[in-house]
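Among the features that TrEMBL reports, signal peptide is placed at 1-21. Under the heading domain 'Glycosyl hydrolases family 2 sugar binding', TrEMBL lists 120-212. Among the features that TrEMBL reports, domain 'Glycoside hydrolase family 2 immunoglobulin-like beta-sandwich' is placed at 222-327. Positions annotated as domain 'Glycoside hydrolase family 2 catalytic' by TrEMBL: 335-475. The domain 'DUF4982' annotation in TrEMBL covers 632-686. According to TrEMBL, the feature domain 'Glycoside hydrolase family 2' maps to 701-765. As annotated by TrEMBL, domain 'Beta-galactosidase jelly roll' applies to 798-886.
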Amino acid sequence: MKNTLKAPFLLLIFFSFCLSAFSQSGSKEQNREHVSLDKDWRFAFGHPSDTKKDFNTGIAYFSYLAKAGFGDGAANANFDDRSWRKLDLPHDWAVEQGFSKDASFSHGFKAIGRNFPDKSIGWYRKKITIPQSDLGRRIHLAFDGVFRNSIVWINGHYLGNQDSGYLGFEYDITDYINYGGENTIAVRVDATMEEGWFYEGAGIYRHVWLNKSNELHIPQNGTFVKTKTKDNTTTVNALVTVANDGKASKSFQIIQTITDATGKNVSEKTINSCSLNPRENKDFTCDLTVENATLWSIENPYLYQMTTSIFEDEKLVDTFETTFGIRTIRFDANEGFFLNEKHVKIKGTNNHQDHAGVGAAMPDALQDFRIKTLKSFGSNAYRCSHNPPTPELLEACDRLGMLVIDENRLMGSTQNQLNDVKKLIERDRNHPSIISWSVGNEEWGIENDIVGARIASSMQSYVKSIDASRPATAAFSGGIGSNGITTVMDLLGINYIVNKSTDKQHQLFPNQCLWGTEEGSTNATRGEYYRDNQKRIMPAYDKAPSASFISIENGWRHYNSRPYLAGMFVWTGFDYRGEPTPFDFPSVGSYFGMVDQCGFYKDTAWYLKSWWQNEPVLHLLPHWNWTGKENQSIEVWAYSNCDEVELFLNRKSLGKKTMQKDSHLEWNVNYTPGTLEAIGYKNGKKSISEIVKTTGTAAILNLESNKNSLEAWKNDIAMITVSTKDKAGLQVPIADNEVSFTISGPAKIIGVGNGNPTSLEADKYLETITVLNIENLKEKMVADFNVSDETKENVATDSWQKAFTDDRNAAFGEKVKNIVYRTEFELPANYTESTINFFYNSLGKQQSIFINGKKIADAIPENKHGDTFLLDKTMLHSGKNTLAIVATPLLKVNSWDVVNQNPGTIQLITKADNYKRKLFNGLAQVIIQTTGEVGEVKLSATANGLKSTEIIIKTVQ
Ligand code: GAL
């Protein structure tokens, strides 16, 4: 091909061109910066209706909705947030709360939402410095996802609202910035309402970025790479949107370069003579060619990189990297799904976006852990139920080889709703892992009628207009109708075959592709084998919970035995918070998962592992610790992909059985303690064995990590499994000891869990912050600044007037040279357990401050940033304490000036308790995260009556 012949020559020119461009304009990073704003935020709860508790925001005569730059209360740049909690993002405040039966079933009874107004509005503030040298660049503030209904201000300027808890959004803040100085971001998040019927978290639970670029730049999500492969040649169609946010026209050149996974340049193309008018946005497209491309697949998720460079007058002004894969997908109404023209049966799971210990605020490395967990039992597909996921989840699926259904939140075809679909597709369209866009899930209100059909059809054609390379799907749960959604979708998702005959649908719509977007909804508690309604336990044998559902095994047999079905998605891969069906409070987590909320296998994961992948599998259930059930019959099941399995109890054979495809084996065994052993045969030969022994009681704690070393600078995490062993070294499957944890070195514990859906234990152990507002000031004019009577601990103030009754005008200044303010504040009985800070705001041009008669500040000058005092606890009492301030009054210069009347706050910080968690059926999980330094982390575990243990993990650069 022409392009290939010329490649070395073009490359040479390209590199010398780039070199000169870099030397003219500095490093390529200066053209575009993508800066994380995750660190060092301040956080406090506001209130939906009590304006005082909501920091008096939005109540001014002219509020932020009336006048530009009029953000008042906590939206004001000068608001004093020193007493607010310091934290880093991502942050989910829902997971930090306790449980309550008055809270929402859907949100796992975490005490937030309508019945908990004090814990439903969260305020975040952060100060950032933007250098003078950024003047002239375009600066965008981007949020990957905030749950939910957020309002954002910068420097008191209202930027906008975003009601979705799942879609990312960004604001162009170029014009609002204080260049060369401090800038204040304020975000109010309202999690009063739910969007889903599952746990959704609360707060800024995904990353926040500052994106800096030149006036001529590639806007957010501005590239779209499509590939087509014929024989050994792949045509890569590269679209880039370029925006000219300047006030003059621009001429420029675009160079598209493809590098392979080793970084080798494999193709490039130049688009010359491009131009844009001021404030114009345009798409520029070119085709590149890759010969003998390595295809992206589940087994070999090979990724390429497209580097888009924009040159204006030979100067590199923007560089943008797009990761993509080269692969083909095809759905066939009779034969199912093909990846790279190879038939692949979809072995999928549905998942929500929360994990034990951390809720919705998942560190990036946790995405990898979860995808690897699902892959470990052979799953090859992931449905993002029922909302746009965080970008890092999709990156993990691209990297690890997991197919994805990317799902829109609310079905609808108004402009707004279609715009949400557009945002989702434009954000995610370059991920090779995504094979379908889901436009809706079980829309009972419309799915069987003509309105549903119209909406589905509009959404489907809209999706096609943006991305024709992947089909839209809709998950459907109703019966067969002649009107509804089932009649219009090219790729229909069936939620539960008990609701609908796939055979009939296929017969009626022979050209329609079908897959099972939900199947299962079975209920199981990990490690439990008898139902107990009182204890809210569901047995872990794979049985249908009711006539409205079927077992995972029956579901898979249905889908795997019909070639026209592309495959199925189990409801669910991971357990999640909320939806504790079939129970209610105090069950707080789901029972649907193949693995629990920590990722520990329930037995059915072994069923899937035996039929969803090819390694030999032999797994026995239940455990063999049944004191009290001696001589009673116990169902023993074997999951295996062997041809035959023979079971032994204490060496005595209980018979060899032949395995049917996609099935399992069962024996009824009279319980005697000892050893259950199974031997699996393939082609008549012993292939694998499995032993389950009756254990003694727990004696020793045991810690195991999924990683021995962590990448210090990447906020890397280790997932630590906690278990116990008996004296003989056997893991005890029924241990329920409470274990306490301490950590030293460059990491912290960020959450604990144990997979028990009824556990009401804390996920996080955090310091508590109590803030006392200093109010009800009284004042008295005094002649001398160095008064002594008025500042004593006990002073009768009955004759003093309410502070600030008199206007602080010049006349007041003439009359009053010194003034004493007094008030009281109450400390709790256990105040000595806290660190106590006084965040003072100046009330005078000069002031001395007294607490209980003791001077803590002597004639200090006015400080616009406030003064902070760490209070000596020996000068304080529980109950009433007095505060006296002698000040030379602050005066207005103009009649409209506002003189500070707020002396500040007293903040009590009480240290967090040590992390602890009970083992649940033998297991618990601790998640630790690096704090950024290189060193050695030691996690120690102790429990009453057990030998303690510790684990060392290195953090490396
Ligand atoms: C489905 C629904 C899922 C989940 C599941 C529980 O109807 O789509 O989100 O609620 O039921 O059985």
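Quick reminder: no glycine exception, Cβ is built from N, Cα and C everywhere.
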Across the domain 'Glycoside hydrolase family 2' (701-765), what are the DSSP residue counts per state (helix, strand, coil)?
3 helix, 32 strand, 30 coil
Would you confirm whether the domain 'Glycoside hydrolase family 2' (701-765) and the domain 'Beta-galactosidase jelly roll' (798-886) meet the contact rule of 3 or more C-beta pairs below 8 angstroms, pairs 6 or more apart in sequence?
no
Pull the DSSP breakdown for the domain 'Beta-galactosidase jelly roll' (798-886) and write it out as helix, strand, coil residue counts.
12 helix, 47 strand, 30 coil
Secondary structure content, the domain 'Glycoside hydrolase family 2 catalytic' (335-475) (per DSSP, counts of residues):
54 helix, 35 strand, 52 coil
Secondary structure composition of the domain 'DUF4982' (632-686) [DSSP: H/G/I, E/B, coil]:
0 helix, 37 strand, 18 coil
Tally the residues of the domain 'Glycosyl hydrolases family 2 sugar binding' (120-212) by DSSP class, grouping H, G and I as helix, E and B as strand, and everything else as coil.
6 helix, 48 strand, 39 coil
Which residue counts does DSSP yield for the domain 'Glycoside hydrolase family 2 immunoglobulin-like beta-sandwich' (222-327) in the helix, strand and coil classes, in that order?
0 helix, 72 strand, 34 coil
Kindly state the mean pLDDT of the domain 'Beta-galactosidase jelly roll' (798-886) in the predicted structure.
97
